[in-house]
Amino acid sequence: MGLLVDGQWHDKWYDTEKHGGRFVRSESQFRNDISPTGRFKPESGRYHLYVSYACPWAHRALIFRRLKGLEQHIDVSVVHPLMLENGWEFADTPLHDPLYNNDYLYQLYLKADPNYSGRVTVPVLWDKQEQTIVNNESADIIRIFNLAFNELTGNHDDYYPPSLREEIDEVNEWVYNDINNGVYKCGFATRQQAYEEAFTDLFAALDRVEAILAKQPYLAGAQLTEADWRLFTTLVRFDAVYFGHFKTNRQRIVDYPNMWRYVRGLYQHPGVAETVVMDHIKQHYYGSHKTINPTQIVPAGPDIDFNQPLE
Ligand SMILES: N[C@@H](CCC(=O)N[C@@H](CS)C(=O)NCC(=O)O)C(=O)O
């Protein structure tokens with residue numbers, strides 16, 4: 001784990017002490033759009049997506065690539081599940097970098113900006129033409145995938161429809177703060193109080209989701225939207241890693257009847273199960289955070305059947 005400072009790699013863990021033991025996530029820095037009139041145009045074969053199967057943020061992008069039929073137009077590279085002293089690394093095929101044969105993901109960031117300062121995160125949407133990063137913020141990448149390539153693919157499915165945008169933005173706000181990022185706030189807290197605050201907020205938000213799903217099938221109502229996919233990537237990791245490794249253990253997702261049905265429904269959506277790679281997920285979390293799990297032992301359980309029929 002580390003970061004780049006003026007183009008130099010430093011092996012450094014998150015500094016929680018300056019925030020009273022709290023984990024504070026930094027903002028992504030490459031935030032360009034893809035549009036017919038802009039610098040980055042929607043073209044087949046021009047862009048490349050770098051992900052980790054372990055990462056819930058990168059997972060959103062992978063799901064949208066599949067939902068929007070972009071596999072033929074945007075290739076993907078997957079990094080090695082362990083993120084240690086050199087950050088995300090490439091390894092032997094198929095976990096290699098087919099474009100530049102880099103050893104480390106930070107080399108890609110340096111190619112985009114030799115003086116880059118900041119964290120080196122996945123996902124990365126890369127432009128092969130300009131050899132730079134278009135965008136490294138998953139919330140943006142899924143919206144780009146949702147719309148920008150529609151003319152190319154003929155797929156007009158809309159996961160951020162204008163009529164529901166206000167509702168979706170409102171849900172995203174608390175789901176992001178208290179659940180998507182909330183599990184990290186629990187797991188990376190270095191003081192008891194910081195952990196307990198995050199834990200309380202997390203389970204209040206999960207209870208809220210459970211109550212919403214008692215009344216309607218999806219977070220924004222009757223229609224499946226990006227708000228659901230953003231929540232899904234956290235829920236699908238919850239019982240296998242966050243519950244144990246991040247100490248989010250008041251209850252599991254399987255213990256919430258509505259959420260357990262909902263997460264299975266999303267998992268069983270065509271093409272989604274193939275984007276869930278549980279051994280990368282478990283290896284990454286239990287193996288990469290030595291401050292939390294010094295032995296790096298990966299638990300053998302639990303056994304979760306996301307394919308269980310939806311009754
Ligand atoms: N806001 C970013 C967050 C991405 C992110 O933090 N990814 C994690 C992996 S789950 C990462 O690459 N972390 C490396 C680091 O923080 O140094 C997004 O949603 O795209």
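Here the Cβ of each residue, glycine as well, is placed from N, Cα and C on the backbone.
All TrEMBL annotations are machine predictions without curation.
Annotation source TrEMBL lists active site, nucleophile at CYS55. Take the CB of CYS55 (active site, nucleophile) and look out to 10 A: across all protein chains shown you find 25 other CB atoms.
A coil conformation is recorded for THR121 (glutathione binding site) in the three-state DSSP classification, outside any helix or strand. Under the heading glutathione binding site, TrEMBL lists TRP88, ARG119, VAL120, THR121, VAL122, GLU137, SER138.
The domain 'GST C-terminal' annotation in TrEMBL covers 161-288. Sorting each residue of the domain 'GST C-terminal' (161-288) by its DSSP state yields 98 helix, 2 strand, 28 coil.
Under the heading active site, proton donor/acceptor, TrEMBL lists TYR184. Using a 10 Å Cβ-Cβ cutoff, TYR184 (active site, proton donor/acceptor) registers 17 neighbours.
Annotation source TrEMBL lists site 'Lowers pKa of active site Cys' at TYR242 (among others). Cβ neighbour count for TYR242 (site 'Lowers pKa of active site Cys') (all protein chains, 10 Å cutoff from its Cβ): 25.
Taken from TrEMBL, the feature site 'Lowers pKa of active site Cys' applies to TYR285 (among others).
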Listed recorded positions among VAL120, THR121, TYR242 whose Cα sits within 10 Å of TYR285 (site 'Lowers pKa of active site Cys'):
TYR242
On a C-alpha basis, identify the one among CYS55, TYR184, TYR242 that is nearest to THR121 (glutathione binding site); the candidates are the recorded positions.
CYS55
Ten-angstrom check, please: count other Cβ atoms within 10 Å of the Cβ of VAL120 (glutathione binding site), all chains counted.
23
Considering each pair of residues in TRP88, ARG119, VAL120, THR121, VAL122, GLU137, SER138, all listed as binding glutathione, report the largest CA to CA distance in Å, no decimals.
17
Using only C-alpha positions, which one of TRP88, ARG119, SER138, TYR242 is spatially nearest TYR184 (active site, proton donor/acceptor)? These are the recorded positions in the record.
TYR242
Under 8 Å Cβ-Cβ from VAL122 (glutathione binding site), six or more apart in the same chain: what's there?
TYR50, VAL51, SER52, CYS55, TRP57, ALA58, VAL79, TRP88, LEU105, ASN136
Cα separation, TYR242 (site 'Lowers pKa of active site Cys') to VAL120 (glutathione binding site) (Å, whole number):
22
